[in-house]
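A.B. asks: Provided herewith is a single structure, encoded as structure tokens, for subsequent inquiry.
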Amino acid sequence: MNSNRAASTSSLQSSMHDIHKAMVLKLMKIFLVLVFAGWIFVWTIKPTNTFRNTWSPKLNADTNSTYFGRLGTTILIYAFPIMFIAVLGCIYLHLHEKNGDKKNHGFSSSLAAWKRPVLVRGPLGVVSGIELTFSLMFLALLVWCFTTYLKVSFANLKVHHSEKVWQAKLDSAALRLGLIGNLCCAFLFFPVTRCSSLLPLVGLTSESSIKYHIWLGHIVMVLFTAHGVCYFIFWASTNQLDEMIKWSKTDIAHVPGELALLSGFILWATTFPRIRRNMFELFYYAHHLYIAFFFFFMLHVGISFICQILPGIFLFMVDRYLRFLQSRTKVHLVSARLLPSEGIELNFSKNPGFSYKPLSTIFINVPSVSHLEWHPFTVSSSSNLEPQRLSVIMKKEGSWTQKLYRTLSEHATLDGLDVSVEGPYSPISENFSRFIYYKHIYSLKINRSISVLKILCFCRYESLVMISGGSGITPFISIIREFIHQSNTLNIPTPNLLLICAFKNSMDLPMLDLLLPVSGNVSDLSHLNLKIEAYVTREKEAPISDEQIMIRTICFKPKPSHMPISPVLGPNSWLCLAIIISTSFVAFLLLIGILQRFYIYPIDKNTGHIYSLSSMTVLHLFVMCLCIVVACSILFLKNKRGNMKAAKQINSLDLPIPMTSPSSWYHCSDKEVESLPQESLVEATNVHYGRRPDLKMILLAIDDENVGVMASGPTGLRHQTASICSSGMADNLHYESISFNW
């Protein structure tokens, strides 16, 4: 009896502890939302007379000091809130991971309606209701700020004796266009900062946020182009074209502004879809002009305006330097599988303690192919099913993958191949839990010993439909492998899985062989409710041939310098990132405070009319880079020592991989299948020749109450799927797009 009571008390205490943790996390998130709302409010109120005549003078009087000068106010109200959110957000995500995902993700029909695509075939691609709403709100903010700026400035317009009224208004409007462009720059880097807590806090990934960066980039360039054109017209109409070659010492410098705009034009011209997709190398190299663009932009506007957009730049530089450090390490490529369709599967060694989620993204560089090019790929493996392996799959389409395929196919020895990676970058648990979600169930037995049963069960979608075209099947391989792990190892129920994949030729069918990992540690698929509908669009019937199509496997010996893929900041990466951001930012503030007090202030006396603005900007930029480099390097090197110890253990226990591969079972269906997993896949697969899948008929025929629909591949396929799910003909369909392209 006493033991039962003790067990009951212990379980209740554990339950209360979990509830308290959940409440703390919820309060933290509410607080972060309030801080962000306050930051947005500052941008909203900034153009008004109230801020200009009342708030700004008071803030300047309270924060103006010999240590920060006039930068004190700007750092306090523009930079500090976002940096605080970034640090506290890292702590929140760390606690969230340690606490586990224990909240109810029960289906919300009202929220699901907002997530449905509302724009499909327009220039913006597939846009959901939530995305459209927030985009319109952001545009409303820009319109509000610009019109308010104009209203206030026109009310206090000063017309010089040599100017006309329209010229003075044009001068004022040109300046305000630049201010609105600066506002957009405050958001520009958030979507492409991969190692950041800001995106996971709102349930986004760097992959899904690429389109927001593209939208913001176009808006920024439109505004800055209009800003430059208006000033050019103003100078030409007032006979002041000599202003174009002036570099003011203590005011806005025109020459670096023109250089920034020129760099931006070249970068902008290569970002349009036709050039980006057909000439990716040109787009990739030209995009590095963002460094020149923002360097000259900083010299153009000065450090005061830069501090308004400092958080985005600061966090991006932290992320970029961490990626640089990770990319210096060569990883161990264990093996490569070459498909008959000239597809490639790369299998890397991985630290067993490093877990990632399905739909994770990794960037790969192969110096023997190209020293500078990095290409993103969706991870196709499951860290639960293959704890020591990480795999990616790619098709031989562009010049980079063609060179890689040729390098691998001509590989005559077993020497290691140098490969560098960045990532993988995983979606946070809420993202993948749209499809795979677990909850804790506590079982209470009266008058018996109380046991806490942590039963993992799927309770989001009854069915999951995965639609792919060509190499778009890659992310679905990782999802299916994760479900294989759950059904075999954890013995938990999985949803009904329907994989609809379209290929051009039957030679592409062996891509389905990759549903099974190269390690061969899958023994049974009978518990997985999987159905595969494969469509070969350019062939009328199955090829008549007895020739077995082989999948070639190449194994590589590790070099002493090769390391398994490990988290760049160790197992507690969010805490380490919080330490890096906080220490580097505090060090930056301390150093610029010391420089301002003992070097700049004795010269300038906070007047802003003596010390060179460009020199001050470069000095602040150097200090910021120095603080980021030191903080990141210390944490990275500390973690690298632990990774090296783990690498020695992994290399000593590394599992061998067969040197030969079986023939593809899709081309020998009349022969005896070699293993039970392959037999299960054969039984689950139907191959259709000479036609495309009728997606509308297939999707509308599914009568389950909640159906998740994912599409990956060509733009037309994703748009067609999104159109069906948003048509209103089936309320049970819930669409998700997986692609870098929009």
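Along the chain as shown, the residues are counted starting at 1.
Including glycine, each Cβ sits where the backbone N, Cα and C put it.
Predicted automatically and left uncurated, TrEMBL annotations should be read as such.
Note that the structure is a prediction, hence the values are computed from the model and not measured.
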A.B. asks: Among 255-275, 549-569, indicate the range for which TrEMBL gives the feature transmembrane segment.
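C.D. replies: Spelled out, TrEMBL records transmembrane segment over residues 255-275, not the other listed ranges.
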A.B. asks: Under 8 Å between C-beta atoms and at least six residues away from its ends: which parts of the chain pack against the transmembrane segment (132-152)?
C.D. replies: 40, 43-44, 46-49, 52, 114, 118-119, 172-173, 176-177, 179-180, 183-184, 187, 215, 219
A.B. asks: At a C-beta cut-off of under 8 Å, are there same-chain residues at least 6 beyond the transmembrane segment (75-95) that contact it? List them, or none.
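C.D. replies: Cβ under 8 Å, 6 or more out: 21, 24-25, 28-29, 31-32, 35-36, 38-39, 42, 59, 63, 68, 186, 196-198, 200-201, 307-312, 314-315, 428, 572, 574-575, 577-578, 581-582, 585, 589.
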A.B. asks: Give me the stretch from 173-192, 255-275, 287-318, 574-598 with the greatest number of Cβ pairs under 8 Å to the transmembrane segment (618-637).
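C.D. replies: Comparing 173-192, 255-275, 287-318, 574-598: 574-598 has the most Cβ pairs near the transmembrane segment (618-637).
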A.B. asks: Given a Cβ distance threshold of under 8 angstroms, which distant residues of the chain, six or more beyond its ends, lie next to the transmembrane segment (287-318)?
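C.D. replies: Sequence-remote neighbours of the transmembrane segment (287-318) are 70-71, 74-75, 78-79, 82-83, 86, 178, 182, 185-190, 192-193, 195-196, 198, 252-254, 256-257, 259-260, 263-264, 266-267, 270-271, 577, 580-581, 584-585, 588, 613-614, 616-618, 620-621, 624-625, 628, 632.
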A.B. asks: Would you mind splitting the domain 'FAD-binding FR-type' (326-431) into helix, strand and coil residue counts from DSSP?
C.D. replies: 16 helix, 40 strand, 50 coil
